[in-house]
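Here is the structure we will look at, set down as structure tokens.
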Amino acid sequence: MKVPMIMLSSVTELHSYIDRTQLTTELGGTQEYCHEKWISHRTAIEGFALMVKRTAQILQSFGTELAETELPNDIQATSNLLGTHINKKSKMKEDLLVALGQGSRLLESINEPVVRDPDHNMNQDELENLATVQRLLSQLNETERAFDEFWERHKTKLEQCLLLRHFEHNYREVRCLLDQVAERLTAFSEVGISPAHADHIFRELSSHEERVCVTQALAREGDELIQNTHYAEDSIQPKCIELRAVNEELSTYLRAKKDHLLRAIELHHSLERAAKWCDDGIYLLASQPVDKCQSHDGAESALQEIERYLDTAGQNKLTDPSAICRDFETVLNLEFRKVFQKQVSMQEMFEKRRVSLKKLAAKHTRPVQPVAPRPEAIKSPLSSPGESLHTTCPEVLPLQSNRSASMSEEDENLAILRKHVMNELLETERAYVEELLCVLQGYASEMDNPAMASLMPIPLQNKKDVLFGNMPEIYHFHKRTFLRELNWNMLYLQIYEKYCQNKPRSESLWRQCSDCSFFQECQKKLEHKLGLDSYLLKPVQRITKYQLLLKELLKYSKGCEGSEDLQEALTSILGILKAVNDSMHLIAITGYDGNMGDLGRLLMQGSFSVWTEHKKGHAKVKDLARFKPMQRHLFLHEKALLFCKRREENGEGYEKAPSYSFKQSLNMSAVGITENAKGDNKKFEVWCNSREEVYIVQAPTSEVKTTWVKEIRKVLTTQLETPLECYALYITWNNGVCLGGCKRRFRQKCIM
């Protein structure tokens, strides 16, 4: 391309070609122009344009990321995602504000001449720069506005998602809670077995009613989400409908059951008053001595006592069974019939006693006067004995008849008393089972309740088995087996031995944590007047109660059918009590390195004074030991005899029980016994190694000594493996050793 070139020699010559208004001052013109400033503005404008473009791209990319994000299905993930997006949005917002700030400063720089001189006219370049910056700022503001609108929609959706996840989580928890409530409700008996039990059930139902109320609150929460145009309305609405339906169903059921229980409580109190009145009446009859009632004054006094007691019936007596059946038709159970039958039996007893006492009181006792017999009363030897008896003793037969009637009445009373004892056994057994259940539900189960975890001290955590021992096993045995059959299979009652052995550990843990808020809260919920320690003692008290009831039952059953079985049951349970007592001593032994289980069953235990003798040497020790016996507690097992030293009793409760330090053990397969030691009929000798070691044992009484010697001989006889030669030799022995081959040592003749 050809361009004409004009060579100028001066500025003046330049002015002939270009107007002075188009030239800068350096060339003699009037236009204000700074090249450095123009370069600065152009550079800043190009940088700002690039920043606007990059910011728009970043916002577009972030918006695409948000739009493509899948909503999580759990609370934590949704919360984390919301937090992450908020942080990213804040960073985007900071970058956007930086760009806006840079554009504003650039615009101020371009407008600076006009600000300085209002009459200043911008040149074409300045006008173009101004328009460019204003366009970029407008574009940036539009991008910010669009992003903010999109962010608000996205944030709202994430927040609604989080609310939905919370609602769904609460819904699942409430459904689980409602299922638990429904399951617990099915476990409740209809009317309870006592007023206390019915009251406890009523309180439980009230607590469940409060728990069911949370469904209403959750349903209202769902309604609020729907009213706020939640995007998941189709998912929320069915759940709200279901919650209200379940709430209505359970609430209706609970109200009906509470009304049912209130009627039952009223009936229970009536039955309880009637039962107590019957029991007091039966004991009144039992406390009236039959022999004292044979006199006129005694019969009159007893009759008045009965009449006074019958006057106290008042509101205690079940007067009209048909009315009770009508008023309490929905809550009647076997308990009512049992109490009413008891009342009928007691009334029969009272009526029979009244009739007998009235007859006795109506008789007029005639004074006895020493008069001579009439001649006609003296019969000749030819008179028959029957005629003489009938003539001379006209009152004998009526007296015999009265005695027979009295004996018949006494037998009937004994039968009723036997029935009363059996009823007491059944009633106390039911109450005992209910108390165990109350402790297991009100304390043991609460130790697994997360809501109560904050109230439990650290020493109590994970120690449920220590505190309650095998109480669940005892409860299930009495609930499923013993209470149903009462068949006196005493072997099953040995589970109490395990419970009693754990009792010291349980008491120690209780004393350590008894003041904690957990136990106080549980006791408050159960409305117990006594603390948990009183209920932990119930199994120990119950196992001793059986022998008292059996003794009382046996007292009223002498000569009756089944009395031998009762005696056998009493013997069995006394044996179990002895075994429990022995085992409590056994677990207190310290210092024994072996396994107690290898020693066989514990047969006996007791405290003795013990001297020791040695065959070779130790003469001084022997003489000293003669005057200073050792106090030792002996434990006789099937395979060993343990010598222990009793320690001082310290501590509280079960910790007051003594402890024993192990000192010596004798293998029963190598033990011999001398029944009579010189100088005292309470002493016997236990020895081994051909009498190289002799233990002289002094019992507290001769009876204790006889019992121990008999038991030791029984153990030795059981363990003895006798060859045939020993039968032939029979009493062949030398220095206490049988020569028949059995190698047993006896102080007197060989027992074989």
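A Cβ is built for glycine as well, from the same backbone N, Cα and C atoms used for every other residue.
Source: prediction; values computed, not measured.
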The annotated region 'Disordered' range in TrEMBL, which must be one of 102-125, 294-317, 366-389, 390-413: 366-389
Per-residue pLDDT averaged over the domain 'DH' (417-583), given as an integer: 81
Helix, strand and coil totals (DSSP H, G, I; E, B; other) for the domain 'PH' (601-717): 32 helix, 52 strand, 33 coil
